[in-house]
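Colleague: Sharing a structure here in structure tokens format.
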Amino acid sequence: MTFHRMWAELLPIGRSPVSGGYHRFAWTGADTDCRAWFRQQAEERGLAYETDRNGNQWAWLGDPAAGDAVVTGSHLDSVPDGGAFDGPLGVVSAFAALDELRARGVRFARPLGIVNFGDEEGARFGLACVGSRLTAGALTAAQAHRLTDADGVTLPRAMEAAGHDPDALGPDPERLARIGAFVELHVEQGRALDLSGDRVGIASAIWPHGRWRFDFRGEANHAGTTRLDDRRDPMPPYAETVLAARREARLAGAVATFGKIAVEPNGVNAIPSLVRGWLDSRAADQESLDTVVAGIEKAARDHAAAHGVDLDIVRESFSPVVEFDHVLRDELARILGARTGVPVPVLGTGAGHDAGILSGRVPTAMLFVRNPTGVSHSPAEFAAEDDCLAGVAALADVLEGLART
Ligand SMILES: [Zn+2]
């Protein structure tokens, strides 16, 4: 079984012997090994291999210059201590689906491409989807040149060190214009399919999401000698805000997380002068997200005022909702529904993807494969092999339905 063999080949690359998690950061040795694996898969299959100006890897069956290509794939890099499936499942499934279609004797009327987008997770340079953003023109070359890792190495120097020429970084509209449809298969990063009892689903949209920084400023003082009534302690209003985030998110069917916090002076016997917390919130639609964040902000202001604490709230980033192409989505639903005789579930997701970046430029769709625990970005991320193979079969059906003569 080709899926099994490919999976076994990738499995040891960049894996921590301690945690079992993956450390495949853009343009590091582990990433280079993954990229060499991709190239080898392309060449073994007699596909035309190329690396584009932004370091994304492509494997082609047929001539992409003919246009209206059907492209599938994902990414091979990981978050720190990431799981095995987020990204690689889409790339391995792409090659396995092609093998399946060749075994079926399918002839293609459209060029078929497999892609590995570079630096999807942003683990090294702090910005996600660098390869697809550059290609789509959503990140300029000048911005990319300024990206720097924790050791002070810039993205161009890191690319160069890994053997890729960074001089040509920039938008690639001709390449995108050749793509008629992009389908990314991905492990589900949630439990919707597990709860519905389905192996495979189709994405409807990527939820709008944003990050906000909350600065609660009080007054540092002695934890032993300062009467409670005399304190301007920013920690209690921060704590109330965390609880409010949970409450507001639950009411709206959204998610809200304070996952990062900085405290000054950060002493066990000192009342803090500053508590800085970062809120990440996501919801199915803009109105719900606005409601959640407004509710959290109001709670933060009320509790800060009650404690004599100053509060600044800054929105640090925001991504609007990404609605995947409805025509392509309906086509996938028709193809997969015809095969199984039962409707395939259509679900939204709170996670970002290269498919989301491309969707503004190219008709784009996503397939999700069941993840029984919903855990992702962790060594515990998992999909059963039977479900992975169901994903390969679904992807093969979709590619056949879209591209065959
Ligand atoms: Zn991913």
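Any Cβ shown, glycine's included, is placed from N, Cα and C.
Automatic, uncurated: that is what TrEMBL annotation is.
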Colleague: Going by TrEMBL, Asp86, His377 bind Zn(2+) 2; tell me which of Glu100, Glu121, Glu385, Glu400 is listed for that site too.
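Modeller: Between Glu100, Glu121, Glu385, Glu400, TrEMBL records just one in the Zn(2+) 2 site with Asp86, His377, namely Glu121.
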Colleague: Just checking the binding-site residues His75, Asp86, His186, Arg211, Asn269, Arg282: which sit within 10 A of His377 (Zn(2+) 2 binding site), CA to CA?
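Modeller: Within 10 Å Cα-Cα: Asp86.
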Colleague: Measure from each Cβ of the binding-site residues Asp86, Glu121, Arg211, Asn269, Arg282, His377 to the atoms of ligand 1 and list the residues where some distance is under 6 Å.
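Modeller: Once distances to ligand 1 are taken from each Cβ, Asp86 fall under 6 Å.
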Colleague: Which residues, same chain and not among His75, Asp86, His186, have a CB within 8 angstroms of the centroid of the CB atoms at the recorded Zn(2+) 1 site?
Modeller: Ser74, Phe85, Gly87, Pro88, Leu89, Gly90, Glu120, Glu184, Val187, His353
Colleague: If I take the Cα of Asn269 (allantoate binding site) as reference, which of the binding-site residues His75, Glu121, His186 has the closest Cα?
Modeller: Glu121
Colleague: In the structure shown, which of the binding-site residues Asp86, Arg282, His377 has the fewest Cβ neighbours within 10 Å?
Modeller: His377
